[in-house]
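Feature annotation from TrEMBL assigns transmembrane segment to 16-37, 49-71, 77-95.
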């Protein structure tokens, strides 16, 4: 009798816990990349980040989505894969931009240093 009286509390509580667990499952894999993204953007240095990890995670999540078409599984796992793919694409975009900018700056510095030293030799 008492359990029936608490149904008004237990059913919404169970639903809330279920939604919370699903949200944690969907966004839990992405959370570690947020500070890493901010750090790379702040320092403009992507040397410590492996693009191979992005490749592996992209392939794994694409395969999971393709598997879903053959054998359906829980939708939070499907959403987790989609969000992880978007996250990996954002990380790759940022790393590519940072590495290209750093390479261009290094080439400009070496070109400017080479031009300056040749100018000093011709003047001197």
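A Cβ is built for glycine as well, from the same backbone N, Cα and C atoms used for every other residue.
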Please give the sequence-distant neighbours of the transmembrane segment (49-71): residues at least 6 beyond its ends with Cβ less than 8 Å from one of its Cβ atoms.
36, 40, 77-78, 80-82, 84-85, 88-89, 91-92, 95
Same-chain residues at least 6 beyond the ends of the transmembrane segment (77-95) whose Cβ lies under 8 Å from its Cβ atoms
25-30, 33, 36-37, 40-41, 46, 49, 51, 54, 57-58, 61-62, 64-65, 68
